[in-house]
Amino acid sequence: MASVISSSPFLCKSSSKSDLGISSFPKSSQISIHRCQKKSISRKIVSVMAPQKDRSPGTTGSVKTGMTMTEKILARASEKSLVVPGDNIWVNVDVLMTHDVCGPGAFGIFKREFGEKAKVWDPEKIVVIPDHYIFTADKRANRNVDIMREHCREQNIKYFYDITDLGNFKANPDYKGVCHVALAQEGHCRPGEVLLGTDSHTCTAGAFGQFATGIGNTDAGFVLGTGKILLKVPPTMRFILDGEMPSYLQAKDLILQIIGEISVAGATYKTMEFSGTTIESLSMEERMTLCNMVVEAGGKNGVIPPDATTLNYVENRTSVPFEPVYSDGNASFVADYRFDVSKLEPVVAKPHSPDNRALARECKDVKIDRVYIGSCTGGKTEDFMAAAKLFHAAGRKVKVPTFLVPATQKVWMDVYALPVPGAGGKTCAQIFEEAGCDTPASPSCGACLGGPADTYARLNEPQVCVSTTNRNFPGRMGHKEGQIYLASPYTAAASALTGRVADPREFLQ
Amino acid sequence: MATSQQFLNPTLFKSLASSNKNSCTLCPSPFLQLKSASTIFNYKPLTSSSATIITRVAASSSDSGESITRETFHGLCFVLKDNIDTDQIIPAEYGTLIPSIPEDREKLGSFALNGLPKFYNERFVVPGEMKSKYSVIIGGDNFGCGSSREHAPVCLGAAGAKAVVAESYARIFFRNCVATGEIFPLESEVRICDECKTGDVVTIEHKEDGSSLLINHTTRKEYKLKPLGDAGPVIDAGGIFAYARKAGMIPSA
């Protein structure tokens, strides 16, 4: 029974939709339908509901139309009492984030369309975070940071996390690092708000119960001038994760499991809403990891209902008032998926797609050349803590070059200052050194997306790399024939120790 | 094609070897041709390697005011498969180029589809050249997945591609096509990518009912393409800024 649930979690394409009483179904979606598993717990049965596009607001009479979290956030932000999936609405933006790669282009378009002397809609709602191509000699990359400095000066942008001394990141008091981690750490993520960023992983902020999604330069240029954006209300797919999280499992395993289930286009144009007892037990950083890879399933945004964990994190970092929202009990969801997390195993995404899921233990014959621990997905404080915990438990040295790139200055400091639980007072940095890892590098996006040729840990040869990053399409980390296995920090650390793709249970149980 | 042509001011047909998107004063959008002048439709078989754009104006009844018709695309097609992500379209190392700077945009065009693996034999842009000889890109599912970087649709447009016809799109890439107007995104109803080969000569025509047709002259097959849907008005207006001005959201320039 248990093995049925864990090896083929719940989903299969059903040709007889009429079994579940569904009459209409979006043709382009790749929704799989659960089949009744009569021999297991009845909670595992999932119902799939057709999207309710025909309901018009004025005809519902006295029955209140339920809305999902995302619908509520967008309704409020567009000053409407009700929105339904499919509505095209103008939405007020609370925070716009941009970085060194897309910022210059976004501001360029802003000036072209609104005029050279135009002013941004609100200099306190824009957060400029250089993070992509920072520690490089590439002149264009350096130029882009300078361009952003000029724009921020001219526009009086309040939040510009600048860097001028590229040789020593610690000499830059304002510099943070990876934008999505910095946004959270600096208190820019608040429940109920609308946050847009010129980066696909902006969906990370959905962990805070807000609407957060990535946009391009042109849309960003528009927002810079108006503070508004035209959005189509997405339908919501609900993912309910219950059960106690095994000690060897992390949020990265959960999201890789889900993406492997629904495919890289399984959530296209849709919201992925995560809830359940497992979600409630996750820390904010783990929730961020989960929402971070929503875009890898094609999702428009990811969202997690705010709770005490959220409020505790947020209230310590911002004094801006906010108002959380929650999905109504009678809200409509376009799909429902349930997972019993206690039965799940560590997984990887094999080359060359984030949905090419496999059990880590089934890949133990794959010899690897290096390990990379970093990025917005897997370079936060808790990610390094996890890797250090595994290295400490193993008490051995790594067999392959192991590159560590803390996402932000704060993470870097935590790696050097915080004691790892159960390690007798040792810090992550000490444990990494003893294990023979490379010295933790300057915080930035690093080699997650390849970058200029001199980027630290870039894949310049056709090697096999286990990485805590988010994408593994051909050429993602540099070399076109590089083979990238996406994994959790535990799995990455275990693999570093064996020189092969390894299941962390080899060291954690 | 059942469109009648009214020749109010007959002009000589001009064939454009390449389109500079910002130079046409009559056209707020690369995809629009307002009916202020008419041109004689003249189909020219492709003799050179450069892409030709043949514009055609469809007439409307005189009391309906301006008619908006979309540009016809004609040229060689470049065929791709599923899940072409943005790093294959334009490797991230070229992300240091700023799309709103003309010289950078040109350079981006020269690197378009540089990230494709060896599986694809043809190069979209021959090394050393700045533009592609292919004007229509044909793709499979989930075209443009990955990053939100606008460099992806920009490089394709800068290289000279006019339209992309995919089975389905990743949403940010599709949105960026619509917002920038760099390349016209169309959806097919079947897997055209399995029935066309790189180098086939194709034409994309737009019908008055909003749908479009892809004609493969090499295989002599026609494929109906899906109507643009909600993105239509934004594309027809010329991108998000023009649309917002039309809708009164922002003041006209």
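Every residue gets a Cβ built from N, Cα and C, even glycine.
In three-state terms derived from DSSP, A:C448 ([4Fe-4S] cluster binding site) belongs to a helical segment. Annotation comment: Swiss-Prot describes A:C376, A:C445, A:C448 as [4Fe-4S] cluster binding site.
Annotation source Swiss-Prot lists compositional bias 'Low complexity' at A:1-24.
According to Swiss-Prot, the region 'Disordered' annotation covers A:1-25.
What Swiss-Prot records for A:1-47 is transit peptide, and it gives a curator's inference as the kind of evidence.
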>> Other residues near the [4Fe-4S] cluster site, CB within 8 A of the CB centroid of A:C376, A:C445, A:C448?
In response: A:D131, A:H132, A:V178, A:H201, A:G374, A:S375, A:T377, A:G379, A:A407, A:S444, A:G446, A:L449, A:T469, A:N470
>> Excluding near sequence neighbours, so keeping only residues 6 or more apart in the same chain, what lies with its CB under 8 A of A:C376 ([4Fe-4S] cluster binding site)?
In response: A:V178, A:C179, A:H180, A:V181, A:H201, A:T204, A:M288, A:N292, A:A407, A:C445, A:C448, A:N470
